[in-house]
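S.K.: Let me give you the structure first, and then I'll get to my questions.
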């Protein structure tokens, strides 16, 4: 099973990273989540070291950087792994101001953007589940239970 | 190796779908690309049929829907595969008006957003390469060549 | 007289639905207001069941869904009744971010958008009043009283 | 069957009005479409005369006014009929600049907003079909044919 | 000397109107400020009565209407006096959403927009001072004193 | 009768100034329109000279400056005359980007904003007509004719 | 070594100016920071006096003006020194509304925009350090220490 | 005299770089302008090599990168020289979408933003002129001539 590695641009992004790692565990991710702090603007060599250490291994990156997000594209541009960007917006206005620095990527820099931390975790889990069929089947059943329960609670579509 | 399946909301999105399937082949994707036309607003049962047919198989979806994009979340909400949304914006203004219908997903609907069709293809390839190490190694070499060539052409950082 | 049926995408939209049903009663709507919870992203079959149950009956739908609003277009695209979308925005910024997922409908998906819950109720009442002349006349008088009273209170246009 | 009456704020809006009346006929609307030109800013008494003439009759209004749209709210505030606003935007930027003058209505002014002229026509038809069951059933069959045809053309969901 | 007349669209705009009338008095406006409440959407005949009563008199209107501002253009379109629109925005976001319903006026509807209530008062005073030279000269001296004082307080440009 | 003086920030604004002076003449303005070119950013002393020359005279300024509009506030902050800002936007996007540099004035800087050049001219005419009753009465009749003619042409409100 | 001079448009901008002067001292700026208050809209002659007094001296200006920022362009247009604009936005929305009055400068008005006060200070220090090599070398070492410390604290890139 | 070095993120930015180097020569910059092509996303080591080569030399950087601008902050975060960002926007909409990736810099990353290429050149010249007084005096005279000529041409402020 592939590993999920979180890189965040600043120590102040840690609460956002923890939302994601908590969600990963809730989705059944069994390994410890690697979390690194390194700014693409200020410590690019540190970011490159993380990428080099993981080169040739099965890794999915989740990158967390606010304001002008150089980190996500920097990671996607310097490795061959899937990269999910989950920027830590403080509110919708922060999102409006800064989302385009995550979305407007140049050619050959495939950043996958997700706003909600739990959805970022779920997206990463779906990616690593592709090469683990049992994992996938287990999740199918679990998902079915969640949906059924949600329907029962709300008496939807009686 | 997982399959890549494109679902587009309208026949008018076909040129955008073809940009993606062309890019997939350029990245070395060997299988025929499945392309379906079904609107989540108008033919939801058709969309569900595509998802049911692929249930239990290794699939990465790329969804294409302009204006209010119900399709991407509809697909991600009704399957367990990775879903990359690549909305077919006519220009930056179209993007500004409509990008949030792709980004603002509810809980447990992990849509991965990518603006550029070639990056969507590359993102999908990275996902399916995770469980195919030889594929990945081949791409590593290829990428290196591309980068080296781009540097030579532009005499970068002499 | 036609029935008014509210469909909301999430249990968390209930306070917004209640504003509308309260306003409906204040406008003189005599029947119980049907309220359903079903997400177009996550429980599309439940939404379709609601629509099928009401097929062939005189119904006006009011749909309530925040963030990326797939529900309103999904309902309008899968029935022949008038559909009023009244998205539950938390504030003006939420409206700016998400209004276009309600407005940017494809062809043959006639969603009628109203921001204010009481206006959504009033709009639905005007629609069902069309085939109930006495109802309309009663409301005419009531409206006249409201306007006159409002003028008296504010000494407008002395 | 209720009548559909179009009021536009300026003679320059006529092409937009004609798109709507053409679509109404295509949807099976049998009566002549009443079209009036009267600016709420500049000829409010003319607008009021149209409303007074139709008072007590079964009418659905479609209002067309660009830039700062006073007309739609003016009509909705001075009659008891359903009012569909379909502003004639020249492009998406015009829409971004001016849509809020249509959406931000005060209390007791229930304007129903629709961007696409054909959808405005379809929305009006659904409203008047409520008190004409045969009309509705005829449209049901027609819609089914349209959908089926659209599916056949695109080989959706094979 | 011309009279300054405030028309506001709703009783809830009164605090904003009072900021303006307070500022008018502070600028030396000697007459009582006429304040009327009448919505262009809901009581257009009341607005017209105010305009008719003042026809042929020297009047400067200040109009106050939030959300979709039909009032300012309605007043400017139905009289020949100068009309200053001073919409009562609750904050900058409200301004962003609604400013264009004040700015986007049709031909022959000359609305003069001012955001700050005290500046609206000052703008009106400058207009009525044009035909009262002594008034103007008095204000010139007063303004000079204000500027000098402000400079002394801040030790600007030593 | 007061004089109307146009100040534009750059020679490139002349076509916009000519639209205004043409409209002024069409409204019956009898004097030659003074037009000055002086940038508040680059030739502030020249702007001040214009203002000093007109100090104590009955003047209405119309200021024309694109991009960051320092000129309008500079003029309003350094004279006691009414100042109408009519920025020369190339299109709606230019307006969205730059309108706030015209609107966001500090205290005691009463800039009156008008987008349409002909409306700016009409607004200035209404201001100077305040102290010229015959002028006003003549315009009243003229306006009536224009409105009547516009109604006849379009058969409004039959 | 060049001097750093702050000009702010209003006394209310002083807290913002003090953030910058505090940051300058933290960066090792040894001289007293000159702070002037003068509005380009209301006291342009005072601004010009500051510029004239410093003509021919080595100066870097930092200009602080909110709302419509005329000051920064006014300073850059009337001197030959580097001018850093650091507008005092109260929040991100204020920035969205007003940033363009700082950015949209005419030809030959080279305003250098920086949002963060500490970055404005650092930018000014880098400019004055160009002609003081020892200063620069001292800062190089200091910067190295800061970066190293930040890495140690966060265990980045282990 | 300090050197001016341009780094652009992509070969496609060369026309923008040439506008700047042409403007530099027009301002009297005597040395050859160094121009490098290196993407911070894709060739970060190449960018670092440029910075290392210039470490300890008197340099002003002008950085050119469109879409998500990682380059400007990357350069400012990894050197101690002044860095002017001049992003190559294709139009105002491109600017609206992407300007914040240039403006929203983290702490200790002092990017100086300028939109117009000629102003970026002029801003860089003012910086390097600080330690070259004769250069500055020469430019003072030149500027005076340009301004005087512009006044004569337009007969400003007669």
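Note that the numbers count up from 1, one per residue, in the order the chain is shown.
Placed from the backbone N, Cα and C atoms, the Cβ positions cover glycine too.
Look at TrEMBL and you will find G:2-149 tagged as domain 'PurE'. Positions annotated as substrate binding site by TrEMBL: G:10, G:13, G:39, G:42, G:66, G:68. Under the heading compositional bias 'Basic and acidic residues', TrEMBL lists G:136-152. TrEMBL lists G:136-158 with the feature region 'Disordered'.
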S.K.: Rank the binding-site residues G:10, G:39, G:68 by the number of other Cβ atoms within 10 Å of each Cβ, and give the residue at the low end.
M.R.: G:10
S.K.: Should residue G:68 (substrate binding site) be counted as helix, strand, or coil on the basis of DSSP?
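M.R.: Once the DSSP labels are grouped into three classes, residue G:68 (substrate binding site) ends up as coil.
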S.K.: How would DSSP class residue G:42 (substrate binding site) in three states?
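M.R.: Looking at the DSSP assignment, residue G:42 (substrate binding site) belongs to neither helix nor strand, so coil.
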S.K.: If proximity means a C-beta under 8 angstroms from chain E, which of G:13, G:42, G:66, G:68 count? These are the binding-site residues.
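M.R.: The answer, in sequence order, is G:42.
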S.K.: Taking the Cβ of residue G:66 (substrate binding site) as the reference point, list residues of the same chain whose Cβ is under 8 angstroms away and which are at least six residues distant in sequence.
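M.R.: Looking at Cβ-Cβ distances below 8 Å from residue G:66 (substrate binding site), excluding near sequence neighbours, one finds G:9, G:10, G:13, G:87, G:88, G:89, G:90, G:94, G:98.
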S.K.: When DSSP is mapped onto helix/strand/coil, what comes out for residue G:13 (substrate binding site)?
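M.R.: Reduced to three states, the DSSP call for residue G:13 (substrate binding site) is helix.
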S.K.: 10 Å Cβ neighbour count around residue G:42 (substrate binding site)?
M.R.: 26
S.K.: Using only the residues recorded as binding substrate (G:10, G:13, G:39, G:42, G:66, G:68), report the maximum Cα-Cα distance in Å, whole number please.
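M.R.: Value for the max Cα separation, rounded to a whole number: 15 Å.
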S.K.: Among all protein chains shown, how many Cβ atoms are found within 10 Å of the Cβ of residue G:13 (substrate binding site), not counting that one?
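M.R.: Taking every protein chain into account, the count is 22.
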S.K.: Could you pull the average pLDDT for the domain 'PurE' (G:2-149)?
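M.R.: Taking every residue in the domain 'PurE' (G:2-149) and averaging pLDDT yields 91.
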S.K.: What are the DSSP helix, strand and coil residue counts for the domain 'PurE' (G:2-149)?
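M.R.: So the counts come to 76 helix, 22 strand, 50 coil.
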